[in-house]
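*Asks:* My questions will all concern the structure given below.
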């Protein structure tokens, strides 16, 4: 064995020993190791981004699933925030909704008509159900209209 081979061998053994020591250290308290790693990543954002890119390249399906999950959670968070704002000042948001409906009346009517045309039976059933549930109220409205017409 030449001198360079000996030093290479010694270096490999030393690195293996260090790896083994680090593995044992992590095994003793994995949560402490994770916390230290998180601190290191926070201190080295560029290396953290690079590690993320490498992981995403190595695991494209998991990366996509994580991205979808992150977007879904973000959407839920935004919806919850919006609901909290509406709950805090409901009159402001009712007024905004009324204003929007007034400004976009034709577009909203066209969209509703398109939905009705897409599945007419669904809407016929909804009308039947509404008429059955509100029979007395509708009859009273008809009586009031007839009386108003006779009064003219």
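Any Cβ shown, glycine's included, is placed from N, Cα and C.
Heads up, TrEMBL stuff is auto-annotated, nobody curated it.
Straight from TrEMBL, here's the annotation block:
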- 1-10: compositional bias 'Basic and acidic residues' (COMPBIAS)
- 17-29: compositional bias 'Basic and acidic residues' (COMPBIAS)
- 129-142: compositional bias 'Basic and acidic residues' (COMPBIAS)
- 143-152: compositional bias 'Basic residues' (COMPBIAS)
- 1-29: region 'Disordered' (REGION)
- 76-103: region 'Disordered' (REGION)
- 129-152: region 'Disordered' (REGION)
*Asks:* Per DSSP, how many helix, strand and coil residues does the compositional bias 'Basic and acidic residues' (17-29) have?
*Replies:* 12 helix, 0 strand, 1 coil
*Asks:* Could you pull out which residues elsewhere in the chain have a CB under 8 Å from any CB of the compositional bias 'Basic and acidic residues' (17-29), counting only those six or more residues past its ends?
*Replies:* none
